[in-house]
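In what follows, a single structure is set out as structure tokens and then discussed.
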């Protein structure tokens, strides 16, 4: 069959399931990869992920601040064994509320405006913590910054997924995690070096900077073409895609594919439609992944990183250990970003869960069999109050907790950190993407809140090894879930992924 005779068939198949003959795929890829040189796409992604930078900064804010507030001279601001856990965990409660509101914001305001909206509670929250005169202001500030983090957690991955080219969607989809890690690392650095001459309030002031930069840049960025089409704004959607891909590319072909996909879906999901495997399967997969990600213990470890290192008497100072872990996390997410579109999502998830399993198991066994002398001065102290005690390292074996934590963070950052967010934005159907992404964030942060709230009481009652052994069991479950339930989405368009869940035909995913 000559090319001219084949072309109508190709276009018809494209409209139905977005599949093409292999020779046509190669030709389209050569033409379409030129759009990857358009720097505007990367500028839009950078503007959005500044919200993740702020999120990462706010998430680990208690790590260097809790020790300072426990020793604060003013009783009104001093944290004790009851208020310190709330200061660490209430952020996740706010994030859950942010995810709940995003179920409506994503579909009403759109992805871009939802991200911009998050700047308001974030700025107010940082201002409250910077000017705090009582513990209630600190807690309210944590709730508001957590709320902003919940909104950005549900909106930014969806925005990036919908504006990205399939050839770089994996790399760009890892950018939110990279920026969150970078935000945490900057917080650790500022907590160490600014703390020498400035008090903890200036850390909150520094948190305002990325928030302001984000909202200014996003004013000049386009909204998602898929969202605009779902709102019936066809000309604006075409202009948005042209801006993102470049005028000298074949963006019109992609526009028609997106338009055809949007046309097949109603704008709202009915209760009866939830029974459709096309909807409930991807939502269930994304939700369980977010649940398992948090059960692996990453939020607890990040929030209480310095106190954990004090408890395990690591040979280095806890603030240096935290900075080392942050660097490892950043390096690992960068590796994941580069590898995701080459190795695939599933293989990285397997490696990630395997490393987390080994690391948590090592940490739990080490703490259980650690010589009694390491715990003699702190056996009866709470984890947060032990942060004020001097470390008593005896030999280099105390590097094991540091190495185990570094490998845990490395494993998490290679897969279960960035890929769970990316897959959430890839596999959720367009008609339910706004609501379902918010639901996944609620599941994620309610789980994180529960863990961070009960982490300290469990440690005080049963010992630090118990939560780490629990995290190891969860990591083993992550391996099983990945093998049984998670699809491979590498190099597939969002329309192809939807076709896979709609029809169950695996040929669309090959």
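Numbers here mean position along the shown chain, with the first residue as 1.
From the backbone N, Cα and C atoms, a Cβ is placed for every residue, glycine too.
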Per TrEMBL, the range holding transmembrane segment, considering 468-486, 487-505: 468-486
134-152, 153-171, 172-190 - the range that TrEMBL marks as transmembrane segment: 172-190
Among ranges 283-305, 306-328, whichever one TrEMBL labels transmembrane segment: 283-305
Long-range neighbours of the transmembrane segment (283-305), counting only residues six or more past its ends (CB under 8 A): 59-60, 62-63, 88-89, 91-92, 184, 318, 321-322, 325, 356, 360, 383-384, 405, 408-409, 412, 416-417, 420, 423-424, 427-428, 432, 436-437, 439-441, 443-445, 447-448, 451-452, 455-456, 467-468, 470-471, 474-475, 477-478, 481, 485-487
Contacting positions for the transmembrane segment (172-190) when only residues 6+ beyond its ends and CB under 8 Å are counted: 41-42, 45-46, 48-50, 52-61, 63-64, 156-157, 160-161, 164, 202-203, 206, 210, 302, 319, 322-323, 326-327, 329-330, 333-334, 336-337, 340, 413, 417-419, 421-422, 425-426
Contact set, same chain, for the transmembrane segment (347-369): CB under 8 Å, 6 or more residues outside the stretch: 296-297, 312, 336, 339-340, 400-401, 404-405, 407-408, 410-412, 414-417, 419, 463-466, 468-469, 471-472, 475-476, 478-479, 482-483, 486
Distal contacts, the transmembrane segment (468-486) - CB-CB under 8 A, six or more residues away: 285, 288-289, 292, 295-297, 345-346, 349-350, 352-354, 356-357, 360-361, 363-364, 367, 416, 423
Spatial neighbours of the transmembrane segment (83-101) far in sequence, C-beta under 8 Å, 6+ residues away: 58-59, 61-62, 65-66, 69-70, 118, 121, 135, 138-139, 142-154, 299, 303-304, 384, 438-442, 444-446, 448-449, 452-453, 455-457
